[in-house]
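Student: OK, TrEMBL features for this one:
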| type | residues | note |
| --- | --- | --- |
| ACT_SITE | Glu106 | active site, nucleophile |
| ACT_SITE | Glu110 | active site, proton donor |
| DOMAIN | 26-220 | domain 'GH16' |
| CARBOHYD | Asn114 | N-linked glycosylation site |
| SIGNAL | 1-30 | signal peptide |
Amino acid sequence: MASTSSTGTKFYALLLVVVVATSMVAKCGANFNQDFDLTWGDHRAKIFGGGQLLSLSLDKVSGSGFQSKKEYLFGRIDMQLKLVAGNSAGTVTAYYLSSQGPTHDEIDFEFLGNVSGDPYILHTNVFTQGKGNREQQFYLWFDPTRNFHTYSIIWKPQHIIFLVDNIPIRVFKNAEVAGVPFPKNQPMRIYSSLWNADDWATRGGLVKTDWSKAPFTAYYRNFKATEFSVSSNSFSDAALQSTELDAYGRRRLRWVQKYFMIYNYCNDLKRFPQGLPAECKR
């Protein structure tokens with residue numbers, strides 16, 4: 001028979017586990033049921049786990065997607081994703097901010113699938129007043145299908161920063177002084193979709209989607225939105241520290257761009273024979 005002290009120790013150990021687990025759930029971020037609408041794909045888009053987990057699926061009939069109920073004008077958006085595993089060639093998982101209309105603004109993460117064993121390509125772009133063509137592409141330094149990873153956008157009047165697991169991979173600076181429009185007037189919603197793009201997504205469309213592997217599924221959790229005040233265009237010290245790149249952040253940015261960037265429109269002289277875009281010269 002166990003002693004009273006031993007039983008008490010086990011009880012408090014169990015209580016500690018329960019408390020820790022509860023605190024972890026409390027930090028899981030917003031609730032998908034409250035913050036998002038499933039917009040297309042019928043049963044292929046699902047929210048479960050009490051609103052803490054969302055999945056999108058793609059089959060030969062249709063993909064699926066969701067969008068935020070709320071619009072945002074400046075802030076930090078964080079979302080954890082686990083991408084389609086196995087042979088994901090031809091599929092695209094898009095996660096982005098966008099306004100509406102022919103002169104819309106947009107800030108894009110797109111994950112281009114590949115055949116088993118080959119890496120995903122992370123495609124980024126920025127649209128201002130309906131014009132994009134500002135692509136930068138990266139390989140990731142991990143397998144994005146094995147675990148959840150955090151993909152973040154910091155959007156301020158001064159710049160847009162793309163981050164992966166809090167490591168900056170791209171900075172798009174406000175270059176209005178050079179005549180380049182910058183997204184600052186149009187509130188944007190958060191969108192995500194999983195869809196078939198085998199006419200271009202993998203090796204320029206050479207590799208097609210293998211529908212025998214369907215359905216393809218991506219998972220989302222731990223959404224968090226931190227809004228910045230636009231009335232005064234001023235930020236608290238805490239907000240500034242979390243949205244500016246310090247020396248370490250700048251070193252990590254250089255590391256990613258040196259070893260993992262595979263395309264940068266600002267280096268594509270063949271694409272812009274009349275001269276690189278103005279923001280590339282700053």
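Keep in mind that glycine also has a Cβ here, set from the backbone N, Cα and C atoms.
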Student: Including all protein chains displayed, how many Cβ atoms other than that of Glu106 (active site, nucleophile) lie within 10 Å of its Cβ?
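Tutor: Glu106 (active site, nucleophile) is surrounded by 19 other Cβ atoms within 10 Å.
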Student: Return only the integer: C-alpha distance in Å from the residue listed as 'N-linked glycosylation site' to the residue listed as 'active site, nucleophile'.
Tutor: 25
